[in-house]
Each structure stands twice: as C-alpha cells, then as structure tokens.
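Visitor: Shown below is the structure under consideration.
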Amino acid sequence: METLTLLLLFAMYLAIYLIARFVVFKNWSPKLRPEASSCLISFAHGTPAVFFAARAILSDPTRTFSSLNTSLQNFTLDYSIAYFLTDLLHYLVFNPNDVLFIGHHLATLFVFVTCRYFVYHGAYAILVLLILAEITSFCQNTWTLAAARKADVDFAAKVYAFLSPPFYVLYTLARALAGPYFVYEMCLFYLSGAADSVIPRWIWVSWIVVVVMAISVSILWISNLWIELYRERVGEIEKKVR
C-alpha cells in the first residue's frame, strides 16, 4: 500500500509535467519549455506540501524531533518524494550537467526516504524544514517564469520587477534566519542522544549535513540576488540623475 501511494503520486507529477510541456507551454521556445514545466510541477508540490506538512505536524500531540511518524506525516513525505523523483528525472534528461541541482535533489531524497522508509521517526523535524523550504515556492516559481520571459514580454518584466524585493525578503527570512535557528535546535536535541534509540546517529548526522549544505547554498544564492538587485537600482538612479 505504501509503495502504491508513492507510485500514484509519482504518476500524478509525471502527468502534470507532460501536460505542462506539451499543452500549457507548447508555444514557448524549446529552450524554455523544460524549465517552465519543472516550475509547474513545483507549483503543484510547494504550497500543498506546506499545508499538508502543517496539518501533519499540528495533528500530532506527541511531536518531538524523534517521535514516531504519523500516517499523515508519511503521506506528506511520500508527496514530496514523488515530486523530487519527477524533478530529478527532469534534470537528468534536460540538464545532466547541472550537478548542483541533481546533487541537491539526491540529498533531499536521501533525507525524506530514510525518514519515511528506514527509521519511521523524525518526520516532525523534516516537515518543519519542508515548510521553511516551500513557503516561498509559489512566489519563487512565479518569479522564475517571469524571469524566463522578461526579455520578450513586457508583462513578465513588470511581474519580475514587482516580485523581486518581496520574494527576496521572504526567502531571506525563511532560509537565512528561521532555517538556521531550527537546525540549531535540531542539533541540540540530537547531540543530547535523545534520539539515538530510534534514529541511528549516522542518519541524523547525515540529515544535519545535508540541511546545513542546502541552507548555505540558499544563503549564497539569495545574497547574490540581493547584490544584483542593489546594482540594478543604483544603475536606475544614476540614469535618472543623468
């Protein structure tokens, strides 16, 4: 039954991807169509995953960093595993040289799969991190699609310019502030040895390493975007002064 749920979810994401590629974005250039299709399955995953994860966490009165996964928490993990498998397939086919994203997806899948199918504990921690990662998803995917077409569509350029500052702020709050604080709390709990009886040390250490690396890359990425935005705004001001 567990495997069937995962397969059905994978089939759902694959169907969404194919519809995006051959129907929704059929008039886009072949170069942009794969990325746009990836964004559409991310739309299907991100915001629903936040709601699923929040409900799964709040409905568990015994939640701790090492508590037994509930059925709703397991479903939410399957929902995300299916998405990352689909998007990983996308990168392997269309962007096989994008080692950073492929590595990110493989590492994320390792965390989700070990939590869901090997230790059956710790979903609370993983789902909080999922919320922090996906709470910016809708805004980020809209921003990404707008960025892809801003050079040839005026409306896309306006959406990109309008979304950039609030998206950067939200991303910074989630990934650069809330994320590191929560990981710090995770480290304190796991280092205390409170989870060693249900989550092998090598697994939770791997989780921490993966999350710290992901947060570090996210901070570097958003920092570069802030610098680019600053330069753009300074350039606009200089043009007006001239």
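The backbone N, Cα and C atoms fix where each Cβ goes, glycine too.
When I checked TrEMBL for this same protein, it listed these features:
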type	residues	note
DOMAIN	31-234	domain 'TLC'
TRANSMEM	6-24	transmembrane segment
TRANSMEM	36-57	transmembrane segment
TRANSMEM	77-94	transmembrane segment
TRANSMEM	125-147	transmembrane segment
TRANSMEM	159-182	transmembrane segment
TRANSMEM	202-223	transmembrane segment
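How buried are these features, and what lies next to them?
Guide: If one looks beyond the transmembrane segment (6-24) by at least 6 residues along the same chain, the residues whose Cβ comes under 8 Å of a Cβ in the stretch are 33-34, 36-38, 40-41, 44-45, 78-79, 81-83, 85-86, 89-90.
Beyond the ends of the transmembrane segment (36-57), by six or more residues, the same chain brings 12-13, 16-17, 19-21, 24-25, 28, 63, 70, 72-73, 75-76, 79-80, 83, 86-87, 90-91, 123-124, 127-128, 130-131, 134-135, 137-138, 140-141, 144-145, 148 to within a C-beta distance below 8 angstroms of the stretch.
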Visitor: I'm checking region-level scores; what's the whole-number mean pLDDT for the domain 'TLC' (31-234)?
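Guide: When the pLDDT values over the domain 'TLC' (31-234) are averaged, the result is 95.
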